[in-house]
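Participant: Straight out of TrEMBL:
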type	residues	note
DOMAIN	600-664	domain 'CBS'
DOMAIN	697-755	domain 'CBS'
TRANSMEM	68-92	transmembrane segment
TRANSMEM	153-175	transmembrane segment
TRANSMEM	195-215	transmembrane segment
TRANSMEM	227-243	transmembrane segment
TRANSMEM	255-279	transmembrane segment
TRANSMEM	332-356	transmembrane segment
TRANSMEM	368-385	transmembrane segment
TRANSMEM	441-461	transmembrane segment
TRANSMEM	468-487	transmembrane segment
TRANSMEM	515-540	transmembrane segment
Amino acid sequence: MVNAGDMNGSGNLMDFLDEPFPDVGTYEDFHTIDWLREKSRDTDRHRKITSKSKESIWEFIKSLLDAWSGWVVMLLIGLLAGTLAGVIDLAVDWMTDLKEGVCLSAFWYSHEQCCWTSNETTFDDRDKCPQWQKWSELLVSQSEGASAYILNYFLYIMWALCFAFLAVSLVRVFAPYACGSGIPEIKTILSGFIIRGYLGKWTLLIKTVTLVLVVSSGLSLGKEGPLVHVACCCGNFFSSLFSKYSKNEGKRREVLSAAAAAGVSVAFGAPIGGVLFSLEEVSYYFPLKTLWRSFFAALVAAFTLRSINPFGNSRLVLFYVEYHTPWYMAELFPFILLGVFGGLWGTLFIRCNIAWCRRRKTTRLGKYPVLEVIVITAITAIIAYPNPYTRRSTSELISELFNDCGALESSQLCDYINDPNMTRPVDDIPDRPAGPGVYSAMWQLALALVFKIVITIFTFGMKIPSGLFIPSMAVGAMAGRMVGIGVEQLAYHHHDWIIFRNWCRPGADCVTPGLYAMVGAAACLGGVTRMTVSLVVIMFELTGGLEYIVPLMAAAVTSKWVADAFGKEGIYEAHIHLNGYPFLDVKDEFTHRTLATDVMRPRRGEAPLSVLTQDSMTVEDVESLIKETDYNGFPVVVSKDSERLIGFAQRRELILAIKNARQRQDGVVSNSIVYFTEDPPELPPNSPHPLKLRRILNLSPFTVTDHTPMETVVDIFRKLGLRQCLVTRSGRLLGIITKKDVLRHMAQMANQDPESIMFN
């Protein structure tokens, strides 16, 4: 320690910041990270490790461990994400069936597992076995009749309400961040925003448990979006175990990008689609190294889920299908029509859902989240039970809609009138006239389609985990299956028409209605999320058929074009804007001819910019400036008169530096001079010990001139991930532009409310 008396000259002073102190370089909650600074810190760390590795064998081993830590984290993320996805799938399967009955031989078996072990199951009644009993059979020994139906109906509603109430209560009490899909917040976090606790251990635990409950309750939501949040929670947990990631927010986001890929990999059984989803949809900064690691994490996650085999079919998803019939050129027209439907549905859903969520935020409705969940669950259960297509889980519904009608199918959708003289192989059944079962199924599907469209608008955004992939796919699959059956019957009854004559002979298997369902599902999911490349890859990984890529591409592109005609925002971007997060979307274009001087602060008539001087302010001056303002940092200038820019000091680091100096350095008092230069200023005798803060000063802050076009400034903020940039003219400081200022200016130019951007 240096005594105050030794200070009067320019003797050798100890800069106490030569040693790093706790919390330096960290960020406050709801603030944006400085990507350039994080990148620079990682480069310094890597340089230090490389130079030390030449000193001894131990240091060399440590450098190898540091290099391998990224792959170890990916391995751990893949293992945990795959395991959790498998457990969620098994639990959902059991709890969904629990609403209708129970297995007497082992209550933890689902309906299907219960009847697997039975020796008394016939082929025609494969779903019926004495070990599985509906609640009416168990309680009143009746399986048919009005009283049995009413009792089963009542217990179905009660179980659904019980699951939903338990889920919303757990979220409210233990982890408020576990609600919603999680993807809008993940996108914002990956763009550099800090939301502490959003990827925490409690959020991981509660989201996993409540996801099982809400999907089992029969609400119109899916588990795929929340699984991305769960995987990112795993990524955050494992990255906190390695200082390379825990002490660098930029590096941590590379891990989270890979974790998002693992989440989609286990949600759809699509490892390549997961990597592309992370690249196309959620990631902000995606270097080549992260691409390889994402691929590895997605591979490990998919392998782990395959080992658990939750559906017992050696597939990673419930609705895996294989088609045997090729598609024909004339079918592109109905595929494109499905794309148009998907785009229109996406636009309708986004507008209605955002309007409802805004109403929830601005009215008393938002004060009663538990009541809202209970009411929506009750309405869903009451309307869903009578219709067999809405009663079952949405994944099972999609699976049935995707399926091709083989000789062994017992579904109503496969109730065709068979030709008794038919002697064809099992997988090559010709087109046949529809039977009464198909017509009644069409009516039920039409009612289910209207119900799903309406109820999903009110379900997404409630205070429970809720994904949107599965409900969107269900809407498209129902519409697609109905179109497919229509085209199939048209081709059968009018095979002599010119459009069918070339490719649909009598007795041929021309049209596959399941393929139309799959194309419709892709179109609706694309219309809502605006995904294109990753969506097509996910869908072809689901089907295992490369020859259907063209119909999927046609539908996905059409749905995006149609939806973009009504508005560029997908559902996740719309929710980001609704919540006021500072997200600068790479896809947004800025074409207005404004200049930096139009956006910078201070504006005309405003108070001058709050600045620090390089060697003329006291500790008390700095502390009072911090107390009177809420800015994230302060430009440092030579003096108030010249205002020549020296650098930029962060608010948080100033607070920590002064606090640590008072504790660790003798002689620092309120009237000590703070200086940011290499050498201390000339001070009169008996002056208190000055405080040197050069180490926390950013000597190369990003600057633009006042005549820089805002188009360039927006591009700089986007590509470099800046928090702020300073506006100068000939080296003299004029003002500052923050990320929030840029977003507000963009909102203003788009005739939106600039005050909707709430965070820094």
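FYI, residue positions are counted from 1 along the chain as it appears here.
Note: Cβ is positioned from N, Cα and C throughout, glycine not excepted.
TrEMBL entries are annotated by machine, without manual review.
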Participant: Which bits of the chain, at least 6 residues beyond where the transmembrane segment (68-92) starts or stops, bring a Cβ under 8 A of a Cβ in it?
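Facilitator: Sequence-distant neighbours of the transmembrane segment (68-92): 208, 211-212, 215-216, 223, 227, 230-231, 234-235, 238-239, 241-242, 244-245, 255, 258-259, 262-263, 265-267, 289, 293, 296-305, 307-311, 393.
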Participant: Report, as numbers and ranges, which residues of the same chain sit near the transmembrane segment (468-487): CB under 8 Å and 6 or more residues beyond its ends.
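Facilitator: That would be 181, 220-225, 267-268, 331, 334, 337-338, 341-342, 345-346, 349, 389, 394-395, 397-398, 401-402, 413, 434, 438, 442, 445-446, 448-449, 452-453, 456, 459-460, 511-525, 527-529, 571.
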Participant: What same-chain residues lie close to the transmembrane segment (368-385): Cβ under 8 Å, and 6 or more beyond its ends?
Facilitator: 153, 156-157, 160-161, 164-165, 167-169, 172, 217-220, 360, 391, 451, 455, 458-459, 462-464
Participant: Sequence-remote contacts (6 or more beyond its ends) of the transmembrane segment (441-461), Cβ cut-off under 8 Å?
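Facilitator: Sequence-remote neighbours of the transmembrane segment (441-461) are 180-181, 219-221, 345, 348-349, 352-353, 356-357, 360, 376, 379-380, 383-384, 387-390, 397, 411-413, 415, 468, 471-472, 474-475, 478-479, 481-482, 485, 571, 575.
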Participant: Counting a contact as 3 or more Cβ pairs under 8 Å, with residues at least 6 apart in sequence, do the transmembrane segment (515-540) and the transmembrane segment (255-279) touch?
Facilitator: yes
Participant: Tally of helix, strand and coil residues over the domain 'CBS' (697-755) according to DSSP?
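Facilitator: Tallied per class, the domain 'CBS' (697-755) gives 24 helix, 19 strand, 16 coil.
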Participant: Grab the pLDDT values for the domain 'CBS' (600-664) and give me their mean, rounded.
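Facilitator: Overall, the domain 'CBS' (600-664) comes to a mean pLDDT of 89.
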